[in-house]
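First the structure, in the form of structure tokens, and then the observations on it.
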Amino acid sequence: MLDRDLTLSDDAYESSPVSRHKTHTVKVGQVKIGGNNPIVVQSMALGAHIDSDNIKSSAQKYAKEVIELAHAGSELVRIALNSEEVAKAIPYIVEEINKEGFDGKILVGCGQYELYRLIQDYPDNIKILGKIRINPGNIGFGDKRDEKFEKIIEYAITHDLPVRIGVNWGSLDKYLSQKLMDENSLSSNPKTSDVILRKTLVMSALGSAKKAEKIGLNAEKIIISCKVSRVQDLILVYTALAKSSNYALHLGLTEAGMGNKGVVNTTAGLTYLLQNGIGDTIRASLTQRPGESRTNEVVVCQEILQSIGLCYFNPQVSSCPGCGRTSSDRFRILTEEVNGYIKTHMPVWKKKNPGVEYMKVAVMGCIVNGPGESKHANLGISLPGYGEKPVSAVYKDGKYFKTLQGDNIFEEFKEIISDYVEKHYT
């Protein structure tokens, strides 16, 4: 008999929707960031070399990467505005994006030192972007700082361009940073350098945003970000931003890393913030291995959002890791084939079968958890485990459906998946 004193009230087991931090809605082309809108996934193109003697063909090559990211699910794609050649290429890149059926406004320009000059020399090219990003630490220096910032904001106002004010701990406003460090050194209770660093990031972002508003940029045209590389810094900085303002927030580590490290760092930081209602658009800044597709950063963002139930992009396939009760790799092969089948068919299903992204499929390796896990899915298949005879029980909506036998189990299960999608998502 369970001691009632050891149990919690039933309320402890109730789930409730994430309470989103209230932010302004910023419209970038057809994409809405902030407010109660779904979290927006974005990415950044690595970028192709733009040949000054052949701008158009170079731009078409550049556009291929942007389009690949868009097809992967990136709702906005950022490019570096780092040269005259890129500025000249923008109309051609946008043209290719439009040809592919996407809104050209998904293209976002990331400006650093060069932005002030480029908006003067190529105003008609920059204005067709969906949004521009500026870094207060790199806009200008000395007496030119405020002047350049003001001119860029005035340009954005004139051309109705949303602006992300993106502060980065690797290129902080040196004047603000020195001022805060000097004040801290004179304090009777000085803080650590990490505390001052975080404070500088937040003050730079919010101070720049308020300055932009004073110039005339509407708060509904402003997104802010404070990029760092350490997860705990990310959490503390964005928690402070959320407490201090209602600007739409762009989340992400500035350099997450490569491989598992990058994925884990990104997931740890973003999940905590998103679960606490903080964040309106996200990016996974992963270092891709040579030859690896940049689209992986889009997939990671989608997986994070889906795993915590904020957005759904693809059917969820649950599968066991295997253990001593599974004596062959049959269930792993089946899992891979099921994932591949779903991935191949999703472009069609998304258009033809709305709601299919909520479907749950379970592929289990043995009878210990197989039947139970399968009953929690829309469709589940459970292999017998040790011995691995080609016999698999299939469950549909929590109930036993049929048993598949022989060497064509995947083909038969594939037909069951297809039939379920057609009948349940129309």
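Numbering starts at 1 and runs along the chain as displayed.
Glycine is treated like the rest: Cβ placed from N, Cα and C.
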Region 'Disordered' range according to Swiss-Prot, out of 1-20, 121-140, 141-160, 281-300: 1-20
Among Cys320, Cys323, Cys366 [binding-site residues], residue with fewest other Cβ within 10 Å: Cys323
Cβ neighbours within the same chain of Glu373 ([4Fe-4S] cluster binding site) - under 8 Å, at least six residues apart: Ser318, Cys320, Ala362, Met364, Gly380, Ser382
DSSP state at Cys320 ([4Fe-4S] cluster binding site), helix/strand/coil: coil
Helix, strand or coil at Cys366 ([4Fe-4S] cluster binding site) [DSSP, three-state]: coil
